[in-house]
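After the structure tokens below, expect a handful of questions from me.
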Amino acid sequence: MTQNKNKVVIFLGPPGAGKGTQAERLAAEQDLVKISTGDILRDHVARGTELGQTVQPILTAGQLVPDDILIALIRDKLAGMEQVRVIFDGFPRTQAQAQALDLLLEELGAPVTAVPLLEVPDEALVGRIVERGRQAAARGEAVRSDDTEEVARKRQQVYREQTQPLIEHYEGRGHLYRVDGVGTMDEVYSRILNGMR
Ligand code: ADP
């Protein structure tokens, strides 16, 4: 049964492309565990853990948390999983993280299954992020400290410099496919599913 098979999906795409939303739905429908490194880090910040205190200023500046911290987090998450059925949202973000993940997955005998790349034009991305912040505020929810226009721009720049090169990493292995990220949530979701088979 497919439910009992390893499956490793990595969502790639710039901040604001909608990775989190799409990954959430795919995880629910395909019985996968969503591993969102941004959520994990923000949870540490909210709880005021030692890690949270270390990473808080980095998140607020829109920069990347050091690779060794992220790699240790992911190693912990995957440790002891009998079946590796996961979606990565926000990891890997650097070449070093991608290489570490390749090794970890090899050890677990669970190779990458699919890497959807969500594509959204640059002009739309910052607007989406700022709008998300506004809506959260309107609902009385906490607004991410990095969802301001200035930090959102910084995050795009960091993405272009450090994460975009991973497209080649996964393209070379034949796992990557491009998904038009402009449209309704349902439209984008169908494109993701279509690309997977
Ligand atoms: P977005 O994709 O919208 O920027 P995330 O929630 O994925 O949002 O990430 C928020 C922040 O968390 C990043 O700007 C970065 O500071 C930190 N972070 C998340 N994942 C990683 C990672 N894999 N490596 C380094 N830093 C990370």
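Just so it is clear, glycine is given a Cβ too, placed from its N, Cα and C backbone atoms.
So TrEMBL has the following annotated:
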type: BINDING; residues: Gly16, Ala17, Gly18, Lys19, Gly20, Thr21, Arg132, Gly183; note: ATP binding site
type: BINDING; residues: Thr37, Arg42, Gln63, Leu64, Val65, Gly90, Phe91, Pro92, Arg93, Gln97, Arg144, Arg155; note: AMP binding site
type: REGION; residues: 36-65; note: region 'NMP'
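Show me how these features fit into the shown structure, please.
Within its own chain, Gly18 (ATP binding site) has Leu118, Val120, Arg128, Gly181, Met185, Val188 as residues 6 or more apart in sequence whose C-beta sits under 8 angstroms from its own.
In this view, Arg93 (AMP binding site) is surrounded by 21 other Cβ atoms within 10 Å of its Cβ, with every protein chain counted.
The list of residues near the region 'NMP' (36-65) in space but at least 6 beyond its ends in sequence, with Cβ under 8 angstroms from a Cβ of it, reads 20, 23, 73-74, 88-91, 93-94, 144-146, 151-152, 154-155, 158, 162.
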With every protein chain in view, how many other Cβ atoms are within 10 Å of the Cβ of Gly20 (ATP binding site)?
16
Given Arg93 (AMP binding site) and Thr21 (ATP binding site), what distance in Å do their CA atoms have, once rounded to a whole number?
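With the alpha carbons as reference points, the distance is 18 Å.
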Can you give the largest Cα to Cα distance in Å, as a whole number, for the residues Gly16, Ala17, Gly18, Lys19, Gly20, Thr21, Arg132, Gly183 that bind ATP in the record?
16
